[in-house]
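Features as listed in Swiss-Prot:
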type	residues	note
BINDING	Glu37, Gly42	Ca(2+) binding site
BINDING	His58, His375	Fe(II)-heme a binding site
BINDING	His237, His287, His288	Cu cation binding site
BINDING	Tyr241	O2 binding site
BINDING	His365, Asp366	Mg(2+) binding site
BINDING	His373	heme a3 binding site
TRANSMEM	14-34	transmembrane segment
TRANSMEM	60-80	transmembrane segment
TRANSMEM	96-116	transmembrane segment
TRANSMEM	142-162	transmembrane segment
TRANSMEM	180-200	transmembrane segment
TRANSMEM	231-251	transmembrane segment
TRANSMEM	265-285	transmembrane segment
TRANSMEM	304-324	transmembrane segment
TRANSMEM	335-355	transmembrane segment
TRANSMEM	377-397	transmembrane segment
TRANSMEM	411-431	transmembrane segment
TRANSMEM	453-473	transmembrane segment
Amino acid sequence: MRWFYSTNHKDIGTLYFILGVWAGMVGAGMSLLIRIELSQPGAFLGSDQLYNTIVTAHXFVMIFFLVMPVFIGGFGNWLLPLMLGAPDMAFPRLNNMSFWLLPPSLILLVSSAAVEKGAGTGWTVYPPLASNLAHAGPSVDLAIFSLHLAGASSILGAINFITTVINMRWSGLRLERIPLFVWAVLITVVLLLLSLPVLAGAITMLLTDRNLNTSFFDPAGGGDPILYQHLFWFFGHPEVYILILPGFGAISHIVSHYTAKLEPFGALGMIYAMLGIAVLGFIVWAHHMFTVGLDVDTRAYFTAVTMIIAVPTGIKVFSWLATIHGSKIKYETPVLWALGFIFLFTTGGLTGIILSNSSLDIILHDTYYVVAHFHYVLSMGAVFAIFAAFTHWFPLLTGLTLHHRWANAQFFLMFLGVNTTFFPQHFLGLSGMPRRYSDYPDAFMKWNVVSSFGSLLSFVALMLFIFILWEAFASQRSVISSPHMSSALEWSDPILPLDFHNLSETGIITYPK
C-alpha cells in the first residue's frame with residue numbers, strides 16, 4: 001500500500017520509471033507493428049484505419065507515457081530535491097496525484113484505440129478528419145479525455161517543480177549556480193505550464209464540435225480547421241522542446257562527470273542557450289503549417305526564426321564538445337550514449353534546418369523525410385539521453401551496478417538498430433513516399449525492407465536492456481563509492497542506495513568573498 005499513498009519523491013520517481021518502462025514497451029510493440037506492415041508492399045493489417053490507429057497510439061504513448069514520465073517524473077522527482085539539497089518536493093501529495101492521473105490517462109488512450117474503429121487521426125488529431133463526420137463514435141473523445149488527464153498531470157507537476165526550485169534550494173545556492181539538469185527541468189516545466197492550457201482549449205473545442213454541435217473548426221458554421229492547427233502547434237512545438245530539454249540537462253551532467261570536470265564548458269552560456277530555445281520555441285509553431293496557404297511574409301518569418309533556434313542549440317552542442325576536448329575521457333556506458341546523443345541529435349538538427357526552409361518543406365511536408373528528422377531527434381535524442389541518464393544514475397537510484405560489458409553491447413546494438421531504421425527514411429522522403437499510409441508502390445520497397453530490419457535490431461536491443469536490468473537486480477553488485485566531483489550534489493550522501501529520507505536538514509553553501 002505504501003506505493004499508493006506515498007508522498008516521498010523517490011518512491012514517486014520510481015513509480016514514474018515503472019510506468020515509463022512499461023509504456024515504452026507498449027509503444028515499441030506498436031512501432032514494430034508499423035514496421036512489419038511497411039516491410040513489404042501489400043497489406044499486413046488489412047486496414048488503413050487500423051494502421052493509422054496504431055500510428056496515433058504509438059506517438060501518444062511514446063510522448064506522454066515514456067519520455068515525459070521518465071525524464072520529468074522519474075529523473076526530475078529523483079534528482080531535483082537531491083541537487084537542490086531539499087528534503088522533498090514542495091507539494092508531496094500533489095506530486096502523488098500527478099503520478100496517479102497518468103495510469104487512468106493511459107487506460108483511456110488504449111481504450112480509444114480498442115473501441116469501435118479507433119482514433120486513426122495521427123497524433124495531431126486534425127479536424128475535419130477528427131470530426132464526428134469522419135470519426136463517428138467515442139474513440140476520438142476517449143483520446144481527448146486521455147490528453148486532458150495527462151495534461152492536468154503535467155500542469156500540476158509543473159507547479160510543483162517550479163515552487164520546489166524557487167523555494168527549496170540550499171541556503172546560498174544561487175540560481176546561476178544550480179546544476180544544469182535542474183535548470184533544464186525548470187525551463188521544461190515552465191514550457192509545459194504555458195503551452196498545455198492552449199492544447200486543452202483546442203481539444204475541448206474539438207470535443208464540443210464533435211458532441212455539442214458547435215462549429216469552432218467547421219466552415220459550415222463559420223469556423224476554420226486552420227484555427228485548430230494554430231492552437232495545436234502552439235502547444236506542439238514547445239512540446240518537442242519539453243521532450244528534449246531534460247535530455248540536454250542530463251547530457252551536460254554526464255559529459256562533465258566522465259571528463260572529470262567540475263562543470264560543463266560555459267555553464268552559464270548553457271543556461272542562457274536553454275532559455276533562448278524556450279523563448280524561441282513559442283514563436284515558430286507555424287513552420288508545421290507551411291502547406292496550408294500562409295502568405296509569403298508569414299512563411300518568411302517562420303523560416304527565419306526557426307533557423308535562429310539552431311544558434312542556441314549549436315552553442316549547446318559545441319559546449320559539450322568543448323567539455324570533452326582535451327580531457328582523459330572514461331569510456332563507460334553513459335559516455336557512449338552521450339556521444340551517440342551529440343552526434344545523432346546534431347544529424348537530426350541538420351535535417352531540421354533543411355525542413356525549416358518553407359520552399360523545401362512544401363515538397364518534403366508529410367513525407368518520410370519529416371519522420372526521419374523527428375525520429376533522429378526523439379528516438380536518438382530524447383531516448384539516447386534517457387539511456388545515458390539511466391545508466392549514469394542507476395547506482396544512485398538502486399545502489400546496484402549494471403553489467404559493464406553487456407550495457408556497452410546493448411548501446412552498440414541499439415545504435416546500429418535505430419540508424420538502420422531511420423537513415424533510409426531520408427531517402428524514402430526525398431523520393432516522395434508519404435507518411436501515414438499502410439501501403440506503397442514497389443519502387444519504395446528496398447529502403448523500407450532495410451528500415452524494417454533495423455527496427456528488429458532495435459527491438460532485440462530493447463529486450464537486451466530489460467535483461468540487463470533483471471541481471472543487475474538478480475546479481476546485487478552493490479556500489480562501494482561514487483567517483484563524483486564535489487560539484488555533483490546528488491551523490492554527496494556516502495551511503496547508496498539513498499535512504500528513504502536522505503536529508504534530515506538542509507545545508508548551506510558559502511562563497512569566498
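In case you wondered, yes, glycine gets a Cβ from its N, Cα and C as well.
Distribution of Swiss-Prot features across the structure.
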| residue | record | Cβ contacts under 8 Å, 6 or more apart |
| --- | --- | --- |
| Gly42 | Ca(2+) binding site | Asp439 |
| His58 | Fe(II)-heme a binding site | Gly27, Met30, Ser31, Ile34 |
| His237 | Cu cation binding site | Gly281, Phe282, Val284, Trp285, His287, His288 |
| Tyr241 | O2 binding site | Thr188, Leu191, Ile277, Ala278, Gly281 |
| His365 | Mg(2+) binding site | Phe290, Thr291 |
| Asp366 | Mg(2+) binding site | Thr291, Pro434, Arg435, Arg436 |
| His373 | heme a3 binding site | Gly348, Thr351, Gly352, Leu355 |
| His375 | Fe(II)-heme a binding site | Gly348, Val418, Thr421, Phe422, Gln425 |
Requested in this report: Quickly jot the same-chain residues contacting the transmembrane segment (335-355) by Cβ under 8 Å, restricted to those at least six beyond its ends, or write none.
Outcome: 244, 247, 251, 254-255, 258, 287, 306-307, 310, 313, 317, 320-321, 324, 329, 361, 364, 369-370, 372-377, 380-381, 384-385, 387-388, 391, 408, 411-412, 415, 418-419, 426
Query raised in the report: In terms of Cβ proximity under 8 Å, which residues at least six beyond the ends of the transmembrane segment (304-324) contact it?
Result: 248, 251-252, 255-256, 259, 261, 264-266, 269-270, 272-274, 276-277, 280-281, 283-284, 287, 338-339, 342, 345-346, 349, 352-353, 356
Report task. List, in sequence order, the residues of the same chain other than His237, His287, His288 whose Cβ lies within 8 Å of the centroid of the Cβ atoms of the recorded Cu cation site. Result -> Trp233, Gly236, Val284, Trp285, Ala286, Met289, Phe302, Thr306
Query - the transmembrane segment (377-397) and the transmembrane segment (180-200) contact flag, 3+ Cβ pairs under 8 angstroms - result: no
Report summary line: Contact count check, CB pairs under 8 angstroms to the transmembrane segment (142-162), set 14-34, 96-116, 180-200, 411-431, 453-473; argmax is 96-116
Query raised in the report: Which ones in the same chain are close to Glu37 (Ca(2+) binding site), with CB under 8 Å and 6+ residues apart in sequence?
Result: Ala43, Phe44, Leu45, Tyr51, Ser438
Report summary line: Spatial neighbours of the transmembrane segment (14-34) not adjacent in sequence (6+ beyond its ends, CB under 8 Å) are 3, 6, 45, 51, 54-55, 57-58, 61-62, 65-67, 69-70, 73-74, 77-78, 99, 102-103, 106, 110, 397, 455-456, 458-459, 462, 466
Query raised in the report: Which stretch from 96-116, 265-285, 411-431 shares the most C-beta pairs under 8 Å with the transmembrane segment (180-200)?
Result: 265-285
Query raised in the report: Where else in the chain does the transmembrane segment (96-116) make close Cβ contacts, counting only residues six or more beyond its ends and a cut-off under 8 Å?
Result: 4-7, 12, 15-16, 19, 23, 26, 53-54, 56-57, 60-61, 64-65, 69, 73, 136-143, 145-147, 149-150, 152-154, 156-157, 160
Query - Contact set, same chain, for the transmembrane segment (411-431): CB under 8 Å, 6 or more residues outside the stretch - result: 35, 333, 336-337, 340, 344, 351, 364, 367-372, 375-376, 379-380, 383, 387, 443-444, 447-448, 450-462, 464-465
Query raised in the report: By the DSSP assignment reduced to helix, strand and coil, which category contains His58 (Fe(II)-heme a binding site)?
Result: helix
Report task. Please work out the number of neighbouring Cβ atoms within 10 Å of the Cβ of His288 (Cu cation binding site), leaving out its own Cβ. Result -> 22
